[in-house]
Structures are given as C-alpha cells and as structure tokens.
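Remarks on the structure that follows.
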Amino acid sequence: MRSKGYVTMLDPFQQLYGKRMGGLLFIPALMGEMFWAAAIFSALGATISVIVDLNVNISVIISALIATMYTLVGGLYSVAYTDVVQLFCIFLGLWISVPFAMSHPAVTDIGFTAVHQVHQEPWLGSVNSLDIYTWLDNFLLLTLGGIPWQAYFQRVLSSSSATYAQVLSFLAAFGCLVMALPAVLIGAIGASTAWNETGYGVPDPMSKKEADMILPIVLQYLCPVYISFFGLGAVSAAVMSSADSSILSASSMFARNIYQLSFRQNASDREIVWVMRITVFLFGASATAMALLASSVYGLWYLSSDLVYIIIFPQLLCVLFVKGTNTYGAIAGYLFGLVLRITGGEPYLYLQPLIYYPGCYPDENNIYIQRFPFKTLAMLTSFFTNIIVSYLAKYLFESGILPPKLDFLDAVVARYSREHMDKATLVKSDNIVLNELAPVNPRHSLTLSSTFTNKEAFNYVDSSPELSNTEDN
C-alpha cells in the first residue's frame, strides 16, 4: 500500500470497488476509531480520578479537550511528536513504578501467587475447556482485527519508503511486547496484595468490581506520591498519543474518502484541511460522549475491533490479495458478515442473540453468551461470500447470461468494456465526436502507387518459389 502511494486505508477499496463501497466501509472504520478513542479517554479519566481525586466525568472531558485541541492545531505532526513522548514516558514511568509497588510490605511474591491461592485465586489462571473456542475467537479478533486500522496505516503510508514502513511495523511488534510487560507485572502485583493492609482498605478491587482500574490503584496505594504522579504522566502520555491518532484517523478518512472523492473532487487543499479540523472536533466530542456513557473500558476496547475484524479485514484481504473481486461481492460479503455478527448478540450492549449457536448459556443478566466462535465464522463467511459472488457476477455478465444494462454498479461490464469493445460498438458510441478527432496530415512525399502498394506483404512471400515466379512474370 505504501509503494502504490495510497493516502488512507480506504483508498484501495474506492479504487477497486468504487466510491459507494468506500463510503460503506467508512462506517465500521469510523465506529472502531470512535470506540477506541472513547476507551482511552475513559481509561485516562479513571486514572486521573483515582490519583488526583477528581470526578471521573471532569477528568474525561479535560483529557478529551486537550487531545482534541492539539490535534486541531498540529495534525499529523502532533501525532508524530506525541508518539515519541509516549514511548519515552511509558517506558520510564511504568518501569520505575514496578519496583516500588513490588517492594511494598503488603505485596506477596508474585511468583508464588501465580500458582498458589493467597489473597485470591492464582493470577496466572487457566482456560476452561468449554471456553477454549471463545478464547480462540477473541484472540483472532484482537490480533487480525488490529490490522486494518487507519491509525496504523497513517504511520505506514507517511513513511519515507515502503522498506522503512516494513521495518517500522516489525519493530513496533516487538516494542508492543516490551511495553506490555510492566502492565502484566502491575496486574500481578494487584492480585498479590493484601489490600486490607493498605490505604485502599476492604473489600479488594475485585470485589468492588474495580479490577479494570488496577493500574491507577496500584500507583496510588503501593507507590510513593512522586512515583504515582510519574506513572500518571506515563499513562497520560500513552492515552493522549493514542487519542489524537484515532481522532485524526477518522477525520482524515472522512475528509479524503467521503468529502473529497465522493462530493468535492475539485476541493482545494485548504478546504480539505478545514474539513479535517471540523471533523476532528466533532469526532472528539462523539468519543467523549461515548466515554462518559460507557461502563467499562475493556468493553469499549473489545467492541472497537469487532466490526473491523468481521467486515473490514476480509475486505482488505480481497482487495489486496484476491484478483477478480468486485463491488457485488464486496457488498454481499459486507451484508453477510454484518448480519451474522448482529444475530450472534452482544452481552455488553444487552443484545440478545437471534441465532443460538452450540454451547450458548445465559449470564447473570439472562443475556445468552456464545461459546461458539461465531465472530470468526462471520469473518470467514464475509471473505468467501465476497469471492464467490464476485466470480459469479463476472461469469454471468461476461458470458452474456445477464445483459450489460443490469450491471448497475458498473463493476464488471464497464471495467472490461474498453479492452473487449469491438469496432462496431466503437462507431455507434455516442461519446465519439468527429470534430474532436485528431486531424490526419497527408504524406505528400509518397506517390499514389507506393501509397496503395503493400511492399511488406510482397517481401513476406519472397520465400515461396511459386509466388516468386508469379511476381517475376
């Protein structure tokens, strides 16, 4: 994608499938970015509220305003610079806080509590055999669903070369593993702490259903004050960097793929910049509203990759690696994946399933939980439906079973008509205006006989003895 000069992740879709399909794919991409931005605003608000003792809603609003304002001013430069600050702060801030938290008197050795029950169940845990398919489903969702994101592609496509984009991607993969270690250690410390011996008191965060805020709780109650503020700076830097990336990604896709390519092809660069600034503000406000209304950071983070995995990931595979797919297959795959996802239900949104797959069971709210990996099933269905319908449409139109006038999306006939159009069709075309044809200048240096004599044809048959004798005669 970098070597082909694309600007956004949706460019190859609009190039192959048309503007309408690009607009359809913008919807799940936008929802993913908004859910992600809302999750990180909510995480930062919770962190600030625990350490600074500030209202959660006020914390969310302040953090969202800061991120939105400097994204409005700086654009991609602000994203790039805050990424550098993020790496520096999170590496120092979280790694510095881990030794202080681990050395607190109320904390038991995390190696022992990993496999033994002390203050709660062993934090290492295990996967129930009945839930193995659910874990695999979510693993694939969070892994493959993390690929087709504009927040990632805006870094890839802005790299100086395709090679540098590849190196950046591989280094980032190892960087993610390194940056995840302090978060895992802090979670293990929280599960190994006798909270009644700390200022947090009883009951423990798990019983209070505050386990999703274990990071700021550990920083607040197990670390010195100056270390907790340093750790808060690390979390803030990480969240701000992710927030501005997400908001800028959504606004750039809208400004280029929806506004410019679909409505205002002749829009100037200045106009596009202003459209991006307006949408940065609107999308930032929308993400803030979601963060205020959400009850779980993990739920938002989980939902952000859901539609991206089921709808955009198979479409991205088809548009880049499967030759012959077209708009008809893309729309069919889009609809099949969306229908299978909705009918599978969603406990976080209190949405009951319409299709009860094998192994489903009701939770405490009487919402049925699916054990069957229906999300991966929806993704694979979307992928193969795209391929099958695309090749079926191609065969029906090219074989003449369906007349060209039924190709209302101009996805098959119009695409290949220039290569297969015969002379009769060309002459009858209403688009050809005779006075616009290039004038033909006569070659006055040639005689009339030489003009109408095909010397190459005679030279070609010189090798034949019979024709040579005829020519001599």
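Just so you know, glycine gets a Cβ as well, placed from its N, Cα and C.
Keep in mind it's a predicted model, so treat the numbers as computed, not measured.
Under the heading transmembrane segment, TrEMBL lists 21-52 (among others).
Here the transmembrane segment (58-77) has Cβ contacts under 8 Å with residues 41-42, 44-49, 52, 154, 158, 236, 239-240, 243-244, 247-248, 276-277, 280-281, 284-285, 287-288, 291-292 of the same chain, all six or more residues outside its ends. Annotated transmembrane segment per TrEMBL: 58-77 (among others), in sequence order.
With a cut-off of 8 Å between Cβ atoms, the residues of this chain six or more beyond the transmembrane segment (84-102) that come close are 110, 175, 178-179, 182-183, 185-186, 189, 218-219, 222-224, 227-228, 230-238, 240-242. Residues or ranges marked as transmembrane segment by TrEMBL: 84-102 (among others).
Annotation comment: TrEMBL describes 132-152 (among others) as transmembrane segment.
Taken from TrEMBL, the feature transmembrane segment applies to 164-193 (among others).
What TrEMBL lists as transmembrane segment is 213-239 (among others).
Annotation comment: TrEMBL describes 272-294 (among others) as transmembrane segment.
Feature annotation from TrEMBL assigns transmembrane segment to 300-322 (among others). Counting only same-chain residues 6+ beyond the ends of the transmembrane segment (300-322), those with a CB under 8 A from a CB of the stretch are 1, 9, 12-13, 16-17, 25, 28-29, 31-33, 35-36, 38-39, 42, 138, 140-142, 144-149, 290-291, 294, 329-330, 333-334, 337-338, 340-341, 346, 348-349, 375, 378-380, 382-383, 386-387, 390.
According to TrEMBL, the feature transmembrane segment maps to 334-357 (among others). When Cβ-Cβ distances below 8 Å are used as the criterion, the transmembrane segment (334-357) is approached by residues 21, 24-25, 296, 299, 302-303, 306-307, 310-311, 314-315, 363, 365, 367-372, 374-375, 377-379, 381-382, 385 of the same chain, each at least six residues removed from its ends.
Under 8 Å from some Cβ of the transmembrane segment (377-397) lie the Cβ atoms of residues 140, 144, 309-311, 313-315, 317-318, 322, 324-326, 328-330, 332-334, 336-337, 340-341, 344, 404, 406-407, 411-413, all in the same chain and six or more residues away from its ends. According to TrEMBL, the transmembrane segment annotation covers 377-397 (among others).
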Query: Ranking 164-193, 213-239, 272-294 by Cβ pairs under 8 Å to the transmembrane segment (21-52), which is first?
result: 213-239
Beyond the flanks of the transmembrane segment (164-193) by at least 6 residues, Cβ under 8 Å: 2, 87, 90-91, 94-95, 97-98, 101-102, 104, 106-110, 112-114, 118-120, 123, 155-157, 204-206, 211, 214-215, 217-218, 222
